[in-house]
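The next block holds one structure in the form of structure tokens; read it before the comments.
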Amino acid sequence: MKFSLAISFFILMSLLFEDACAKEKSSKKGKGKKKQYLCPSQQSPEDLARVPPNSTSNILNRLLVSYDPRIRPNFKGIPVDVVVNIFINSFGSIQETTMDYRVNIFLRQKWNDPRLKLPSDFRGSDALTVDPTMYKCLWKPDLFFANEKSANFHDVTQENILLFIFRDGDVLVSMRLSITLSCPLDLTLFPMDTQRCKMQLESFGYTTDDLRFIWQSGDPVQLEKIALPQFDIKKEDIEYGNCTKYYKGTGYYTCVEVIFTLRRQVGFYMMGVYAPTLLIVVLSWLSFWINPDASAARVPLGIFSVLSLASECTTLAAELPKVSYVKALDVWLIACLLFGFASLVEYAVVQVMLNNPKRVEAEKARIAKAEQADGKGGNAAKKNTVNGTGTPVHISTLQVGETRCKKVCTSKSDLRSNDFSIVGSLPRDFELSNYDCYGKPIEVNNGLGKPQAKNKKPPPAKPVIPTAAKRIDLYARALFPFCFLFFNVIYWSIYL
């Protein structure tokens, strides 16, 4: 019994909770929903009778009480001419990746509807400003943007629609729209390109027998002080045209278009792309002035240049659409990358020459021949070495050492005749003036009364660099800048 009562209580509470939730939702919907406006043709005679007879509301009611918005003006007669003009509030930059642009505009349409002529007893101005809620009670052109990707109306703080009814039956509608329009781009000359972006206004359902769009005379598109971050747009570059289209099976549909000519500003790419890549290429040429045997300095410099240019190419490729043709910027980046890579290849050729044994021996022979011609080579050079090994010693030093050895060694009764050979067996980096005949280091004076350091080694011999390796670096210093300058002359003369 208690269990059944508990279940009944639980079911009752659930029903009460659901009913409360439903009431709360309905109240929220009622608050958020705007009050529905009924056109005069939809109102009852009692409601119309409550309106004062001499009021403007009564005049509008008299105009619209028998008005059918489903039927166009001049039905079965001449087509309705709709005069169109546009005021551009803002113009967004072109997006290269999506190939579109966004504009915020006031779209204005004006046409004549004889059914809306103001009565003769209407006193006041020649135009009657009407609340936007009445817009849905009128017939209106079925205009749409043919190249539109997305669009939206504005309703902050009220619907941004302006409606005028003139005494002669002319109707003027102005509405604020934000539209994203497609713009197919030709990026062959990017970033020195000029783009032509269209805005096409077309009738959706009425053929040219019923409706015609006409640009307003004068300046149908008003453009005031619009600055774009990457493009220049001028009022003089705006073109107007007719784009009436034929659709098989239905006929011709009226269409008008405006073409915006946008010239890209190159300053951003000059500072952000061209200048850095040019400096990287020039930086890669510094290796031509570094000693050919300094591979620890030249190789990292070349690799850094190539990697920096490759990274720049990858970054820009991610920001641009993937097109099948080569852009002007691609030509520049590829050329810079090739110049950086060529400087690295040039050092590889220098290394081949530097490590070629035949060329090294030939260079040694050339140096020896040159010294011999100057009187410093041949036998004289051989005599001034320890044991003919090539280690230089002064003649005076050799004589002093020999004299010392003779004095010391001849006083020994057990000295063998071949003990003087120790002089010839000394290490090649020993100076005889610093050692006795037994190879022991001694202190000698340097002529100023000060003892010289023991076991003083001569400076290391300079590596032999073949002339061919030096000549390659010499040619590269002139050839690379000249070729890059020639490329710049051709490049800028074509693309600028």
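In case you wondered, yes, glycine gets a Cβ from its N, Cα and C as well.
Over in Swiss-Prot, the protein carries these features:
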type     : residues      : note
TOPO_DOM : 23-268        : topological domain 'Extracellular'
REGION   : 32-53         : region 'Disordered'
DISULFID : CYS183-CYS197 : disulfide bond
DISULFID : CYS243-CYS255 : disulfide bond
TRANSMEM : 269-289       : transmembrane segment
TOPO_DOM : 290-294       : topological domain 'Cytoplasmic'
TRANSMEM : 295-315       : transmembrane segment
SITE     : LEU307        : site 'Important for obstruction of the ion pore in the closed conformation'
TOPO_DOM : 316-327       : topological domain 'Extracellular'
TRANSMEM : 328-349       : transmembrane segment
TOPO_DOM : 350-471       : topological domain 'Cytoplasmic'
TRANSMEM : 472-495       : transmembrane segment
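Feature map: Swiss-Prot annotations on the structure.
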residue	record	Cβ within 10 Å
CYS183	disulfide bond	21
CYS197	disulfide bond	23
CYS243	disulfide bond	17
CYS255	disulfide bond	19
LEU307	site 'Important for obstruction of the ion pore in the closed conformation'	12
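Under the DSSP three-state reduction, CYS197 (disulfide bond) is assigned to strand. Note on the topological domain 'Extracellular' (23-268): its mean pLDDT in the predicted model is 88.
Per Cα geometry, CYS183 is the residue among the disulfide-bonded residues CYS183, CYS197, CYS243, CYS255 nearest to LEU307 (site 'Important for obstruction of the ion pore in the closed conformation'). For the pair CYS255 (disulfide bond) and CYS197 (disulfide bond), the Cα-Cα distance reads 16 Å. A distance of 14 Å separates the Cα atom of CYS243 (disulfide bond) from that of CYS197 (disulfide bond). Ranked by Cβ pairs under 8 Å to the transmembrane segment (269-289), the stretches 295-315, 328-349, 472-495 are led by 328-349. Mapped onto DSSP classes, the topological domain 'Extracellular' (316-327) shows 4 helix, 0 strand, 8 coil.
DSSP gives CYS255 (disulfide bond) a strand state.
Sequence-distant neighbours of the topological domain 'Extracellular' (316-327) (same chain, 6+ residues past either end, Cβ-Cβ under 8 Å): 96-97, 99, 185, 187-190, 273, 333.
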